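Engineer: Features from TrEMBL:
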DOMAIN    B:9-102  domain 'Pseudouridine synthase I TruA alpha/beta'
ACT_SITE  B:ASP52  active site, nucleophile
BINDING   B:TYR110  substrate binding site
DOMAIN    B:146-255  domain 'Pseudouridine synthase I TruA alpha/beta'
There are 2 protein chains.
Amino acid sequence: MRNLLMTVCYDGTSYYGFQTQPGGNTIQDCLEAAIRHLTGEVVKIHGSGRTDAGVHARAQPFHFITSSQIPVERWCLALNARLPADIRVTAAEEVELDFHARRSAKRKTYRYTINANRVPDVFQRNYQLHHPGRLNISAMQKGLSYLIGTNDYTSFASRHSTKASHVRTIDEARIEVDTSLARPESRDQGVVHLYISGNGFLQHMVRIIVGTLLEVGQGKRLPEEMKQILEAKDRKAAGPTAESKGLMLWSVEYD
Amino acid sequence: MRNLLMTVCYDGTSYYGFQTQPGGNTIQDCLEAAIRHLTGEVVKIHGSGRTDAGVHARAQPFHFITSSQIPVERWCLALNARLPADIRVTAAEEVELDFHARRSAKRKTYRYTINANRVPDVFQRNYQLHHPGRLNISAMQKGLSYLIGTNDYTSFASRHSTKASHVRTIDEARIEVDTSLARPESRDQGVVHLYISGNGFLQHMVRIIVGTLLEVGQGKRLPEEMKQILEAKDRKAAGPTAESKGLMLWSVEYD
């Protein structure tokens, strides 16, 4: 028996998230079907975590136990030949039997992308939230800074969260603005990437943070309110959940 | 009556090219339907040229004559509200009545994109040809240089071309390699963008040039053969027509 750790990249537009669900059509279903097709084995893969319907992943790790003797360097090509074009395995390695893609994860980074140009980018339309109205980016940066640290993030978690504790640590959060496609004569603000890293994220957490920060950017809230929202420990205190299509699981780190 | 010049950006994946065809489902059809919906007028738009099925445009100009009094600055938003998400009008201006988007064009630039990394980019899968095998980029650059000048490009034109003359001028052609997503440990070569500019292009011309240059990059032909292929004035002398999905109309210039 071997424990294989792989990394998958996917365009989540057509899927109900990573993890298998009664309704089917998830990334996990596609990966397990490809492994079954390749090896004949019925395996259960373990992702680094869930992603919501419509959320993308640049690099999501998963592991599974296999008795297959296929050399590790052959797996990417062999699985990719059996996967739809919007899912690709980008790396594979053998790890210790006690390694677990979710439980062993130390740090995760998500990226949320907002296109703040007047006209949306047709080539990125499934990967960006389009927000043509003026955004106060420095207010958003200031608001975001209040979320760094170890906090109870109940206000930024789905009401349906089933976790016993909502305490998590966000150790880094930053906003980068790419103005390469912005046309100043059109009041274009560029493409805003929000990167957020921490030891774990609650259901909808990044999307609620972004939905709330957009209200800060629109001038509907002051940046300082982010601190009060955290302290309220009440989902009602925060803003709406931003659309899933702008969210991408960027990376997962292990020791 | 006013003559309006607009620029359209589109993801051509789902369309049979720019120009109206008996089978329907073209960019022109969608634009004319949106204009009809907005103004009630049945207009015929004139593109800067045709594009093949599956080819994209970053910025394709088109013009049409209208009696609508809608101010020019309102057109983008109004048409975009009536267009599918893979087509967006990005600019609009009023021009002289004798301006013609195709006949007045002085210079066009196309970009062809080859992903030469081992694993394709799922987010760019409809906009890149995936070529995981080793490419000799400097041989491709040398081969491309033989095409610059004023030449009869019959060898690089579809057999179905109906043009009286196949003489065109290519004034610039270059290859840029973006290695930002390449992982050296995977023998990734990066994303290869081929930019080619000239006063006009024949049917399939850029795609046949790319299909032939790929054979140079693979070592199947010498770069110097590009000169002999040109001189042959015979489609059979050149290589295959590269897939349409990697091609994008980049820009069209006027005086």
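The chain as shown is numbered from 1 upward.
Heads up, the Cβ atoms here are built off N, Cα and C, so glycines get one too.
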Engineer: Summarise the domain 'Pseudouridine synthase I TruA alpha/beta' (B:9-102) by DSSP state, stating how many residues are helix, strand and coil.
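Structural biologist: Split by secondary structure, the domain 'Pseudouridine synthase I TruA alpha/beta' (B:9-102) comes out as 25 helix, 24 strand, 45 coil.
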Engineer: Quick check for the class: what is the C-alpha distance, in angstrom and rounded, between the residue listed as 'active site, nucleophile' and the residue listed as 'substrate binding site'?
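Structural biologist: Each residue's Cα considered, the residue listed as 'active site, nucleophile' and the residue listed as 'substrate binding site' end up 13 Å apart.
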Engineer: Looking only at the domain 'Pseudouridine synthase I TruA alpha/beta' (B:9-102), what is the model's average confidence as pLDDT?
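Structural biologist: That stretch averages a pLDDT of 96.
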Engineer: Which residues of the same chain, at least 6 positions away in sequence, have a Cβ lying under 8 Å from the Cβ of B:TYR110 (substrate binding site)?
Structural biologist: B:TYR195, B:ILE196, B:SER197, B:PHE201, B:VAL206, B:LEU247, B:MET248, B:LEU249, B:TRP250
Engineer: Neighbour count, 10 Å Cβ-Cβ cut-off, for B:ASP52 (active site, nucleophile): what number do you get?
Structural biologist: 19
Engineer: What counts of helix, strand and coil residues does DSSP assign across the domain 'Pseudouridine synthase I TruA alpha/beta' (B:146-255)?
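Structural biologist: Split by secondary structure, the domain 'Pseudouridine synthase I TruA alpha/beta' (B:146-255) comes out as 33 helix, 31 strand, 46 coil.
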